[in-house]
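**Q** Dumping what TrEMBL says about this protein:
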type     : residues : note
DOMAIN   : 10-225   : domain 'Glucosamine/galactosamine-6-phosphate isomerase'
ACT_SITE : 67       : active site, proton acceptor
ACT_SITE : 136      : active site, for ring-opening step
ACT_SITE : 138      : active site, proton acceptor
ACT_SITE : 143      : active site, for ring-opening step
SITE     : 146      : site 'Part of the allosteric site'
SITE     : 153      : site 'Part of the allosteric site'
SITE     : 155      : site 'Part of the allosteric site'
SITE     : 156      : site 'Part of the allosteric site'
Ligand code: GLP
(Lines of atoms letter the chains of each structure in order from A and count residues from 1; the text may use other names and numbers.)
(Lines give C-alpha, C1' and ligand atoms only; values in the text may rest on other atoms or scores of the structure.)
Protein backbone atom coordinates (compact mmCIF):
# COMPACT_ATOMS: atom_id res chain seq x y z
CA UNK A 1 0.00 0.00 0.00
CA UNK A 2 1.04 3.59 -0.45
CA UNK A 3 1.49 5.55 2.78
CA UNK A 4 1.37 9.34 2.59
CA UNK A 5 2.31 11.38 5.63
CA UNK A 6 0.90 14.91 5.48
CA UNK A 7 1.47 17.92 7.72
CA UNK A 8 -2.10 18.27 8.93
CA UNK A 9 -5.77 17.57 8.31
CA UNK A 10 -6.09 20.46 5.85
CA UNK A 11 -3.30 19.06 3.65
CA UNK A 12 -4.94 15.64 3.90
CA UNK A 13 -8.26 17.10 2.79
CA UNK A 14 -6.69 18.87 -0.18
CA UNK A 15 -4.74 15.82 -1.36
CA UNK A 16 -7.65 13.42 -1.13
CA UNK A 17 -10.17 15.89 -2.62
CA UNK A 18 -7.81 16.25 -5.59
CA UNK A 19 -7.81 12.47 -6.06
CA UNK A 20 -11.62 12.48 -6.01
CA UNK A 21 -11.68 15.41 -8.47
CA UNK A 22 -9.32 13.49 -10.81
CA UNK A 23 -11.60 10.47 -10.64
CA UNK A 24 -14.66 12.58 -11.49
CA UNK A 25 -12.83 14.21 -14.41
CA UNK A 26 -11.93 10.74 -15.74
CA UNK A 27 -15.31 9.17 -14.97
CA UNK A 28 -18.11 11.69 -14.31
CA UNK A 29 -20.60 8.93 -13.44
CA UNK A 30 -18.26 7.37 -10.83
CA UNK A 31 -19.54 5.81 -7.62
CA UNK A 32 -17.86 7.54 -4.67
CA UNK A 33 -17.95 5.65 -1.36
CA UNK A 34 -18.04 7.98 1.63
CA UNK A 35 -17.39 7.46 5.32
CA UNK A 36 -18.74 9.15 8.42
CA UNK A 37 -16.71 10.32 11.40
CA UNK A 38 -14.75 13.51 11.95
CA UNK A 39 -11.67 12.50 9.96
CA UNK A 40 -13.02 12.81 6.39
CA UNK A 41 -14.68 16.21 6.95
CA UNK A 42 -11.75 18.25 5.52
CA UNK A 43 -11.96 16.11 2.36
CA UNK A 44 -15.65 16.95 1.92
CA UNK A 45 -14.95 20.64 2.57
CA UNK A 46 -12.09 20.76 0.06
CA UNK A 47 -14.20 18.94 -2.52
CA UNK A 48 -17.15 21.30 -1.96
CA UNK A 49 -14.78 24.26 -2.51
CA UNK A 50 -13.71 22.77 -5.85
CA UNK A 51 -17.36 22.32 -6.85
CA UNK A 52 -18.20 25.90 -5.82
CA UNK A 53 -15.21 27.17 -7.83
CA UNK A 54 -16.49 25.33 -10.91
CA UNK A 55 -13.44 23.03 -11.02
CA UNK A 56 -15.45 19.84 -10.50
CA UNK A 57 -18.82 18.85 -11.95
CA UNK A 58 -20.62 16.36 -9.72
CA UNK A 59 -23.79 16.37 -11.86
CA UNK A 60 -23.45 12.67 -12.70
CA UNK A 61 -21.61 11.49 -9.59
CA UNK A 62 -23.18 8.78 -7.42
CA UNK A 63 -22.42 8.51 -3.70
CA UNK A 64 -22.75 5.49 -1.43
CA UNK A 65 -22.63 4.70 2.26
CA UNK A 66 -20.24 2.39 4.04
CA UNK A 67 -22.30 1.58 7.09
CA UNK A 68 -25.42 2.49 9.05
CA UNK A 69 -26.88 2.14 12.53
CA UNK A 70 -29.74 -0.29 12.99
CA UNK A 71 -32.96 0.79 14.62
CA UNK A 72 -32.73 4.59 14.63
CA UNK A 73 -36.04 6.12 13.53
CA UNK A 74 -36.07 7.35 9.91
CA UNK A 75 -34.66 10.86 9.75
CA UNK A 76 -32.78 10.59 13.08
CA UNK A 77 -30.04 13.26 12.80
CA UNK A 78 -27.30 10.78 13.80
CA UNK A 79 -28.30 8.06 11.35
CA UNK A 80 -25.44 7.89 8.89
CA UNK A 81 -27.82 8.61 6.04
CA UNK A 82 -28.74 11.97 7.61
CA UNK A 83 -25.13 12.72 8.61
CA UNK A 84 -23.92 12.14 5.06
CA UNK A 85 -26.78 14.17 3.58
CA UNK A 86 -25.68 17.07 5.79
CA UNK A 87 -21.91 16.72 5.45
CA UNK A 88 -21.51 15.48 1.88
CA UNK A 89 -24.61 15.66 -0.31
CA UNK A 90 -25.84 19.15 0.63
CA UNK A 91 -22.44 20.91 0.34
CA UNK A 92 -21.80 19.18 -2.99
CA UNK A 93 -25.33 19.83 -4.28
CA UNK A 94 -26.07 16.13 -4.88
CA UNK A 95 -29.67 14.91 -4.62
CA UNK A 96 -31.03 11.85 -2.81
CA UNK A 97 -31.60 9.96 -6.05
CA UNK A 98 -27.82 9.67 -6.52
CA UNK A 99 -27.29 8.38 -2.97
CA UNK A 100 -27.16 4.67 -2.19
CA UNK A 101 -27.27 3.22 1.31
CA UNK A 102 -28.55 0.28 3.35
CA UNK A 103 -31.88 0.54 5.17
CA UNK A 104 -31.07 0.35 8.88
CA UNK A 105 -34.77 0.58 9.71
CA UNK A 106 -35.86 -2.39 7.58
CA UNK A 107 -37.97 -5.14 9.14
CA UNK A 108 -36.02 -7.70 7.14
CA UNK A 109 -32.44 -6.66 7.92
CA UNK A 110 -30.67 -9.58 6.18
CA UNK A 111 -32.80 -8.75 3.13
CA UNK A 112 -31.72 -5.09 3.36
CA UNK A 113 -28.06 -6.18 3.49
CA UNK A 114 -28.43 -8.37 0.42
CA UNK A 115 -30.36 -5.60 -1.39
CA UNK A 116 -27.54 -3.15 -0.71
CA UNK A 117 -24.90 -5.53 -2.08
CA UNK A 118 -27.06 -5.83 -5.21
CA UNK A 119 -27.43 -2.04 -5.49
CA UNK A 120 -23.67 -1.57 -5.36
CA UNK A 121 -23.13 -4.24 -7.99
CA UNK A 122 -25.88 -2.80 -10.24
CA UNK A 123 -24.22 0.62 -9.98
CA UNK A 124 -21.01 -0.88 -11.36
CA UNK A 125 -19.10 -1.12 -8.07
CA UNK A 126 -17.39 1.53 -5.99
CA UNK A 127 -14.66 3.52 -7.75
CA UNK A 128 -13.07 5.20 -4.74
CA UNK A 129 -13.92 4.32 -1.16
CA UNK A 130 -12.92 6.64 1.67
CA UNK A 131 -12.32 4.92 4.98
CA UNK A 132 -11.69 6.17 8.48
CA UNK A 133 -10.36 3.84 11.12
CA UNK A 134 -11.63 3.01 14.59
CA UNK A 135 -9.24 3.02 17.53
CA UNK A 136 -9.66 -0.78 17.52
CA UNK A 137 -8.69 -0.98 13.83
CA UNK A 138 -12.21 -1.30 12.45
CA UNK A 139 -13.17 -0.09 8.98
CA UNK A 140 -16.80 0.68 8.29
CA UNK A 141 -18.23 -1.12 11.30
CA UNK A 142 -16.23 -4.30 10.76
CA UNK A 143 -15.11 -4.89 14.32
CA UNK A 144 -12.14 -7.11 15.27
CA UNK A 145 -12.39 -10.73 14.11
CA UNK A 146 -14.69 -9.77 11.24
CA UNK A 147 -14.19 -12.23 8.40
CA UNK A 148 -11.83 -10.77 5.82
CA UNK A 149 -14.21 -12.19 3.19
CA UNK A 150 -17.37 -10.76 4.76
CA UNK A 151 -20.15 -9.11 2.77
CA UNK A 152 -22.69 -6.50 3.88
CA UNK A 153 -24.27 -7.79 7.06
CA UNK A 154 -25.43 -6.98 10.59
CA UNK A 155 -22.70 -6.50 13.19
CA UNK A 156 -22.70 -5.92 16.94
CA UNK A 157 -20.59 -2.97 18.07
CA UNK A 158 -17.85 -3.41 20.64
CA UNK A 159 -18.16 -1.41 23.83
CA UNK A 160 -15.07 0.58 22.77
CA UNK A 161 -16.71 1.72 19.53
CA UNK A 162 -19.95 2.61 21.33
CA UNK A 163 -17.96 4.71 23.82
CA UNK A 164 -16.01 6.35 20.95
CA UNK A 165 -19.27 7.24 19.18
CA UNK A 166 -21.21 8.32 22.29
CA UNK A 167 -20.11 11.91 21.65
CA UNK A 168 -22.67 12.11 18.84
CA UNK A 169 -25.55 11.04 21.12
CA UNK A 170 -26.95 12.11 24.49
CA UNK A 171 -24.91 9.47 26.29
CA UNK A 172 -23.84 5.87 25.82
CA UNK A 173 -27.32 4.38 26.32
CA UNK A 174 -28.53 6.03 23.12
CA UNK A 175 -25.77 4.56 20.93
CA UNK A 176 -27.23 1.65 18.94
CA UNK A 177 -25.73 -1.79 19.57
CA UNK A 178 -26.26 -3.08 16.05
CA UNK A 179 -25.29 -1.80 12.64
CA UNK A 180 -25.25 -2.74 8.97
CA UNK A 181 -21.84 -2.49 7.39
CA UNK A 182 -20.31 -3.27 4.05
CA UNK A 183 -18.19 -6.36 4.68
CA UNK A 184 -14.43 -6.40 4.36
CA UNK A 185 -14.82 -8.47 1.18
CA UNK A 186 -17.25 -5.83 -0.12
CA UNK A 187 -14.88 -2.98 0.72
CA UNK A 188 -11.96 -4.77 -0.96
CA UNK A 189 -13.92 -4.76 -4.24
CA UNK A 190 -13.73 -0.96 -4.54
CA UNK A 191 -11.21 0.06 -7.20
CA UNK A 192 -9.29 2.44 -4.95
CA UNK A 193 -9.30 2.48 -1.15
CA UNK A 194 -8.22 5.63 0.67
CA UNK A 195 -7.88 5.28 4.44
CA UNK A 196 -7.56 8.46 6.50
CA UNK A 197 -6.34 8.89 10.04
CA UNK A 198 -5.35 11.90 12.12
CA UNK A 199 -4.21 12.30 15.70
CA UNK A 200 -2.16 10.25 18.14
CA UNK A 201 -5.21 8.26 19.20
CA UNK A 202 -5.08 6.44 15.87
CA UNK A 203 -1.30 5.82 15.83
CA UNK A 204 -1.44 2.28 17.21
CA UNK A 205 -4.23 1.21 14.84
CA UNK A 206 -2.40 2.78 11.86
CA UNK A 207 0.87 0.98 12.65
CA UNK A 208 -0.94 -2.35 13.03
CA UNK A 209 -2.80 -1.74 9.74
CA UNK A 210 0.24 -0.83 7.68
CA UNK A 211 3.13 -2.75 9.24
CA UNK A 212 1.48 -5.52 11.24
CA UNK A 213 0.36 -8.91 9.97
CA UNK A 214 -2.90 -9.22 8.02
CA UNK A 215 -5.28 -10.22 10.76
CA UNK A 216 -8.99 -10.13 11.43
CA UNK A 217 -8.03 -8.71 14.84
CA UNK A 218 -7.14 -5.53 12.92
CA UNK A 219 -9.78 -5.36 10.17
CA UNK A 220 -8.05 -2.45 8.39
CA UNK A 221 -4.98 -4.67 7.82
CA UNK A 222 -7.03 -6.28 5.03
CA UNK A 223 -6.02 -3.24 2.95
CA UNK A 224 -2.65 -4.99 2.51
CA UNK A 225 -4.50 -7.40 0.20
CA UNK A 226 -5.77 -4.61 -2.08
CA UNK A 227 -3.87 -3.64 -5.25
CA UNK A 228 -4.60 0.09 -4.88
CA UNK A 229 -4.82 1.14 -1.25
CA UNK A 230 -3.61 4.54 -0.03
CA UNK A 231 -3.21 5.42 3.63
CA UNK A 232 -3.09 9.18 4.28
CA UNK A 233 -2.10 10.14 7.82
CA UNK A 234 -0.85 13.18 9.68
CA UNK A 235 2.38 13.17 11.69
CA UNK A 236 0.60 12.30 14.94
CA UNK A 237 -1.18 9.27 13.47
CA UNK A 238 2.11 8.22 11.79
CA UNK A 239 4.18 8.32 14.97
CA UNK A 240 4.33 4.55 15.51
CA UNK A 241 5.23 3.70 11.91
CA UNK A 242 8.73 2.19 11.64
CA UNK A 243 9.29 3.09 7.99
CA UNK A 244 7.97 6.66 7.97
CA UNK A 245 11.18 8.08 6.44
CA UNK A 246 10.86 5.61 3.59
CA UNK A 247 7.19 6.54 2.98
CA UNK A 248 8.09 10.23 2.93
CA UNK A 249 10.98 9.73 0.52
CA UNK A 250 8.83 7.58 -1.75
CA UNK A 251 6.05 10.15 -1.93
CA UNK A 252 8.48 13.07 -2.35
CA UNK A 253 10.05 11.38 -5.38
CA UNK A 254 6.69 10.88 -7.12
CA UNK A 255 5.84 13.24 -9.96
CA UNK A 256 3.41 15.85 -8.59
CA UNK A 257 0.87 15.17 -11.34
CA UNK A 258 0.55 11.53 -10.39
CA UNK A 259 -1.55 12.08 -7.27
CA UNK A 260 -2.36 9.12 -5.04
C1 GLP B 1 -17.25 5.15 13.05
C2 GLP B 1 -17.50 4.80 11.58
C3 GLP B 1 -16.21 4.52 10.85
C4 GLP B 1 -15.21 5.64 11.16
C5 GLP B 1 -14.93 5.71 12.63
C6 GLP B 1 -13.87 6.73 13.01
O7 GLP B 1 -17.07 4.01 13.81
N8 GLP B 1 -18.37 3.67 11.41
O9 GLP B 1 -16.47 4.41 9.46
O10 GLP B 1 -14.04 5.38 10.45
O11 GLP B 1 -16.16 6.04 13.25
O12 GLP B 1 -14.40 8.00 13.23
P13 GLP B 1 -13.54 9.32 13.40
O14 GLP B 1 -13.03 9.66 12.05
O15 GLP B 1 -14.48 10.34 13.92
O16 GLP B 1 -12.45 8.98 14.35
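Placed from the backbone N, Cα and C atoms, the Cβ positions cover glycine too.
How buried are the listed features, and what sits near them?
**A** Residue 67 (active site, proton acceptor) is surrounded by 22 other CB atoms, counting those within 10 A of its CB over all protein chains shown.
In this structure, residue 136 (active site, for ring-opening step) belongs to neither helix nor strand by DSSP; it is coil. Cβ-based neighbour count (10 Å, all protein chains) for residue 136 (active site, for ring-opening step) stands at 18.
Here the Cβ of residue 138 (active site, proton acceptor) has 27 other Cβ atoms within 10 Å, regardless of which shown protein chain they belong to.
Taking the Cβ of residue 143 (active site, for ring-opening step) as reference, residues of its chain lying under 8 Å away and at least six apart in sequence are, in sequence order, 134, 136, 155, 156, 157, 158, 161, 219. According to its DSSP assignment, residue 143 (active site, for ring-opening step) is coil.
When secondary structure is read from DSSP and collapsed to three states, residue 153 (site 'Part of the allosteric site') falls in the strand class.
Neighbour count (other Cβ atoms within 10 Å of the Cβ, all protein chains): 13 for residue 156 (site 'Part of the allosteric site').
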**Q** Among the recorded positions listed here (138, 146, 153), which has the Cα closest to the Cα of residue 67 (active site, proton acceptor)?
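**A** Result for residue 67 (active site, proton acceptor): the nearest of the recorded positions is 153.
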**Q** Give the number of CB atoms, excluding that of residue 146 (site 'Part of the allosteric site') itself, located within 10 Å of its CB.
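**A** So the number of other Cβ atoms within 10 Å of residue 146 (site 'Part of the allosteric site') is 22.
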**Q** Among 136, 143, 146, 155, 156, the recorded positions in the record, which have a C-beta under 6 A from ligand 1?
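**A** With ligand 1 as the reference and 6 Å as the Cβ limit, the list is empty: none.
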**Q** Just jot down the residues in the same chain as residue 153 (site 'Part of the allosteric site'), at least 6 apart in sequence, with C-beta under 8 A of its C-beta; none if empty.
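**A** Residues satisfying the criterion: 110, 113, 180, 181, 183.
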**Q** Pop the Cα-Cα gap between residue 146 (site 'Part of the allosteric site') and residue 138 (active site, proton acceptor) into the table, whole Å please.
**A** 9
